[in-house]
Amino acid sequence: MEDSNVSTFTKVHTTVTFIVMIVVNILANIIPFNDMTTGQVSDLYPNLFSPAPITFSIWVVIYLLLAGYILYQFGFLCDRNGIVSRELMEKISVFFSISSMANTCWIFVWHFNSIGISLALMAVILVCLIYININTGKTEFTLREKLLIRLPFSIYFGWITVAAIANATIFLVSIGWNRFGMPDWLWTVIILVAGVVIAGFTMLKNQNLGYGIAVIWAYVGILIKHTSKDGFGGKYPFIILVLILCIIVLLIAEVYFAVTDKEKLKNFKLFKRKT
C-alpha cells in the first residue's frame, strides 16, 4: 500500500462525511423521511424537465467512484508513478467534505419541502464541484489518477449541473412563477438549450469527458420521460426533437474531446519517457 500524501485528519473527515451522506440518502427513501421518498417530493412539483426514475440510478455509479477516491486517499489504490500533489489532494478533500455535508442537509430540507433552502444547498454542492474540477483540470494525471481522482468528481459535477437546473425549475414551480407568460413547453426548451450551452462550455474549458457523460445520461433520462407511457407519452414532440438534437451535439463534443484527450495522453507518456 503506497502513501497517498493526505493527512490523517483529512482522510477521516472526508470518509465520515461521505458515509453519512450515503446513509442519510438511503434512509430517506427506506423510512422514508416525512412519509415521502425523494422522488415523490419531486412529483409534487410537476414540470417538463424532470427525468425518468431510472436516471437516478447514476447515484450508484457516483457513490462507487467516490468510494474509489476514498480508498485512494488511504493508499489502497495509489499509483507508484503518481504525480498528484498533497496540496491538491487536501484541497479536493476539503471541498468534497463540504459538498457531502451540503448533500446530507439537502436531503432533510428537500423531504420537508423547504425547496428554497434545498436550492441554496444545491448551489453549495455545485460550487464545491466547480472548484474541485477547476483544480483537477489544471493538473496532469496518470491514467490511474484520472480514474480515481478526476473521473469521480467529473461525473458528479455533470450530474449536479443538471440536478441544479432541475432543482431551480422545481423552486420556480413551487412559488407559482408564470415563466414570463410563456407556455411550459417553450420554457423547457429554453432550459434544455441553456443546459447544453453550459455543458458545452464546461467540456470545452476542462476537456472533461466524465462531465459530458453524466449530462448526456441526464438528457437521455428526460427523453425517456417524454417518450414513455409512464411519462408524458410523446405529448410534447418539439421538446423530444430538441432533446434528441441536444444529445447529438453532446455526443459529438464527447467524441471530439475523447480524441484530443487521447492525443494529450500520448504526448504526456512521451514526455515522461524523455525525462
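Glycine is treated like the rest: Cβ placed from N, Cα and C.
Automated prediction, rather than curation, is the source of TrEMBL annotations.
The transmembrane segment annotation in TrEMBL covers 12-32, 52-72, 92-109, 115-134, 155-173, 185-204, 209-226, 238-259.
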Six or more residues out from either end of the transmembrane segment (52-72), which same-chain residues have a Cβ under 8 Å from its Cβ atoms? 4, 14-15, 18, 22, 25, 39, 78, 96, 147-149, 151-153, 155-156, 159, 214, 217-218, 220-222, 224-225, 228, 230-231
Which residues of the same chain, at least 6 past either end of the transmembrane segment (185-204), have a Cβ under 8 Å from a Cβ in it? 47-49, 157-158, 161-162, 165, 169, 179, 211-212, 215, 219, 222, 236, 238-239, 242-243, 246, 249-250, 253-254, 257
